[in-house]
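Student: Before I ask anything, let me first share the structure, which is written out below as structure tokens.
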Amino acid sequence: MALYSAAAAVLEGLERGEGGLKSLVYNSGFPHVRQLYALVSETLRYASVLEKLLDGAALLQAEKKLAPQLAKVLVYDLLFGKGLKCGGRWKALARRHRARLEAELARMKVRHKVSRNEDLLALEKAVSAAASQVPRYVRVNTLKTCVEDVIDFFKRQGYAYLGKAASVEELKALSRKKFMLDLHLPELLVFPSQTDLHDNLLYTSGHIILQDKASCLPAFLLGPAAGSHVIDACAAPGNKTSHLAAILKNKGRIFAFDVEPKRVATMNTLLTRAGVTGCQLVQQDFLTVDPRDPKYSKVTHILLDPSCSGSGMVTRGPGEEAAPSAERLQALAGFQRRVLNHALSFPALRRLVYSTCSLHQEENEDVVQAVLQEWGSAFRLVTAFPSWPCRGLAAFSGAENCLRASPAETLTHGFFVAVLERCQEGAAAPSSMPAAAKENPQPGQGTEPGAAPKKRKKKKQWVK
């Protein structure tokens with residue numbers, strides 16, 4: 001059991017950016033470091049295959065107390081390694097689900113027309129090819145510093161700053177130690193995809209956040225003005241929450257919900273490192289929150305990024321989560337409709353962003369259409385980011401107001417975003433620009449997201 005627990009702890013440390021594989025293994029305190037290193041390395045090699053096996057077999061849904069990292073280690077050793085030779089109660093748990101896991105593995109091989117476990121790793125080459133197209137995005141944490149200071153810092157570290165990008169093609173051409181300011185988001189720097197900044201001082205001190213560009217869109221488009229009360233309904237691991245705090249300038253209040261204790265703990269660590277204040281972490285299923293509770297009476301903005309198939313993530317293998325079963329899509333869409341309906345029931349709500357990292361219409365346009373129909377004329381879609389090149393699928397009239405993202409067209413993970421605003425009798429047509437962007441333009445903003453950056457008069461200081 002100690003081996004699997006230690007391996008799970010190393011995987012969790014890697015996910016949190018607490019260090020490299022070797023340093024985490026050697027600092028783990030586990031006596032047999034070679035054995036631990038081999039197990040973690042092989043688990044990482046099969047990571048995307050393991051994620052699909054866990055999802056297809058619904059292991060984490062069946063075993064609520066089983067952490068994802070521990071599940072990956074157990075399933076690797078059970079199906080691909082030397083077999084479970086230790087593990088105590090976790091060994092018994094994994095063996096209890098062995099038949100289901102083996103059946104899912106067999107289905108995966110049939111889908112990809114392979115016969116050996118090793119052949120499944122060929123999927124990783126396709127994954128790596130897709131991932132290599134997506135640059136390393138770095139969001140400047142304006143709670144602690146500013147864009148100009150971060151640019152100066154990297155220049156002193158030997159990086160060459162090429163200015164603001166004018167096109168996606170310029171971002172594709174980035175190589176070696178070169179970086180640019182993103183063409184759409186004003187506080188986003190772009191580095192070549194292979195750039196590793198997990199040990200960089202600015203990252204470890206919380207002055208920069210490593211966050212995909214598409215994942216930055218929801219908070220940016222929600223754009224609450226400083227002083228607003230905001231809900232992040234499905235908040236962990238907390239990158240979007242810290243982005244909201246930066247937009248609010250730590251003025252106002254954020255209620256961040258997640259049901260899993262470990263995810264809430266991880267989020268607390270991330271938000272503390274980012275210098276976030278005025279955020280209340282709540283370990284609770286958002287669907288059980290009472291919208292009429294007086295503490296939420298001033299909530300005007302909600303960011304809703306619910307559980308989804310994850311089919312837009314480039315770290316997933318092609319043909320797997322990109323094609324989940326119809327039953328799974330139906331179940332996910334049902335949950336997404338429920339949680340979106342629930343979010344819209346908060347009485348003071350004025351603006352909501354619904355987003356997923358899914359490619360499927362069932363989880364995106366269909367969910368938005370169904371919920372809007374239920375609410376009649378109470379809410380309407382806002383034209384999100386008019387200059388963004390990829391729009392929603394033509395599933396219903398107005399779906400083009402939504403936006404999509406993809407590795408091929410926007411050099412990001414696959415993503416979907418819809419912005420909803422409450423309709424008020426006699427109100428003017430809804431704006432495509434969030435309130436915070438209009439009232440407090442961020443560096444790099446003009447009349448629309450993506451305009452030329454503006455110099456700040458006073459710079460904030462970062463850790464030296």
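The backbone N, Cα and C atoms fix where each Cβ goes, glycine too.
Sharing the features that TrEMBL gives for it:
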ACT_SITE  Cys357  active site, nucleophile
BINDING   Cys234, Ala235, Ala236, Pro237, Gly238, Asn239, Lys240, Asp258, Asp285, Asp305  S-adenosyl-L-methionine binding site
COILED    91-118  coiled coil
COMPBIAS  453-464  compositional bias 'Basic residues'
DOMAIN    126-423  domain 'SAM-dependent MTase RsmB/NOP-type'
REGION    429-464  region 'Disordered'
Student: Could you give the residue numbers and ranges of same-chain residues that sit at least 6 residues beyond the coiled coil (91-118) on either side and whose C-beta is under 8 angstroms from one of its C-beta atoms?
Tutor: 1, 49, 52-53, 56-59, 62-63, 66, 74-75, 78-80, 84, 319-320
Student: Quick one: Cα separation, Asp285 (S-adenosyl-L-methionine binding site) versus Cys357 (active site, nucleophile), in Å?
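Tutor: Cα-Cα distance, Asp285 (S-adenosyl-L-methionine binding site) to Cys357 (active site, nucleophile): 20 Å.
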Student: Count, for each of the recorded positions Cys234, Ala236, Lys240, Asp285, Cys357, the other C-beta atoms lying within 10 angstroms of its own C-beta, and report the residue with the smallest count.
Tutor: Asp285
Student: In whole Å, how far is Cys357 (active site, nucleophile) from Gly238 (S-adenosyl-L-methionine binding site) when you measure between their Cα atoms?
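Tutor: Spelling it out, the Cα of Gly238 (S-adenosyl-L-methionine binding site) and the Cα of Cys357 (active site, nucleophile) are 15 Å apart.
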Student: Using the alpha carbons only, what distance in Å do you get between Lys240 (S-adenosyl-L-methionine binding site) and Cys357 (active site, nucleophile) once rounded?
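Tutor: So the Cα of Cys357 (active site, nucleophile) lies 13 Å away from that of Lys240 (S-adenosyl-L-methionine binding site).
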Student: Rounded to the nearest Å, what's the C-alpha distance separating Cys234 (S-adenosyl-L-methionine binding site) and the residue listed as 'active site, nucleophile'? Just drop the number here, would you?
Tutor: 13
Student: Count the other Cβ atoms sitting within 10 Å of the Cβ of Gly238 (S-adenosyl-L-methionine binding site), across every protein chain shown.
Tutor: 28
Student: If one measures from the C-alpha of the residue listed as 'active site, nucleophile' to the C-alpha of Ala236 (S-adenosyl-L-methionine binding site), what distance in angstrom results, rounded to a whole number?
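Tutor: Checking the Cα atoms of the residue listed as 'active site, nucleophile' and Ala236 (S-adenosyl-L-methionine binding site) gives a distance of 14 Å.
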